[in-house]
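Have a look at the structure below before the remarks.
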Amino acid sequence: MNSLYDRRPISTLTVIIGIFLILIAYVGLVYASLPFSFTFIALAGVIALYLNYGTYGIKSAFSPLQKGAIKFILIGYIWNAVQSSLVAVVITYGFDFPVAANGAANIFVDNTPAQFIYNAIDIIFSLIGEECFVLIPSILAIYFLKKHRVNEKRSMIIVTIIGAFFFGLAHYSTYNGNLVQIFFVIGLARLPLNWVAFKANSLWASSITHILFDFTPFIAALLFSVLR
């Protein structure tokens with residue numbers, strides 16, 4: 001993935017088109033009831049990479065996990081879990097502000113086997129799409145920041161902060177406009193996820209971390225419903 005930071009996109013127009021496609025895919029996912037809409041952002045991300053870098057861009061961004069990637073994934077998972085819990089506690093008990101539960105937490109409860117498989121595929125593609133939503137524009141932005149003499153590390157920090165803002169905002173409808181949760185719980189989750197992607201040098205790494213983290217409450221709710 002990091003080989004793309006110094007690789008010039010095909011044109012400014014393809015950059016604009018790529019980002020526009022990702023935004024349109026997000027709107028389609030959130031506001032349109034279309035079959036397999038959960039695949040839209042991931043597909044738009046792949047198309048954006050192809051438009052700007054050809055097949056090389058897809059192979060680089062989704063490069064196979066390298067040695068040490070599992071360690072980064074585990075660290076990112078634990079970091080996200082601890083951070084989210086601490087922030088939720090501080091918001092709830094320190095500022096007496098309610099934190100909404102994920103409305104999809106019970107998505108696997110009382111499923112038939114076919115429903116379980118469909119819902120699992122839905123969530124996995126949606127979460128990979130969320131990684132594309134943030135990281136593909138970030139890859140493009142890092143190139144332009146470095147071109148303007150911002151060093152790579154600082155560029156990563158800048159795109160992570162901006163990405164956290166938009167990532168949180170993208171969950172506006174999911175958490176009923178709860179801005180505190182959107183920015184301080186969901187938005188801050190980008191810190192470990194981006195860190196994993198940059199350290200492991202692959203969108204797969206942050207996608208796996210994201211999937212593991214989001215599946216934890218889903219599986220917990222399923223087990224609770226079975227055991228009660």
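Counting begins at 1 with the first residue displayed.
Placed from the backbone N, Cα and C atoms, the Cβ positions cover glycine too.
Summarising the annotation, TrEMBL assigns transmembrane segment to 12-32, 38-58, 70-95, 115-144, 156-173, 179-198, 210-227. Look at TrEMBL and you will find 150-215 tagged as domain 'CAAX prenyl protease 2/Lysostaphin resistance protein A-like'.
The stretch in closest packing with the transmembrane segment (115-144), judged by the count of Cβ pairs under 8 Å and taken from 12-32, 70-95, 179-198, is 12-32. Taken residue by residue, the domain 'CAAX prenyl protease 2/Lysostaphin resistance protein A-like' (150-215) breaks down under DSSP into 53 helix, 0 strand, 13 coil. For the transmembrane segment (70-95), the list of distant contacts is 180-181, 184-185, 188-189, 191-193, 195-196, 199-200, 205-206, 208-209, 212-213, 216: same-chain residues at least six beyond its ends, Cβ to Cβ under 8 Å. When averaged over the domain 'CAAX prenyl protease 2/Lysostaphin resistance protein A-like' (150-215), pLDDT in the model lands at 92.
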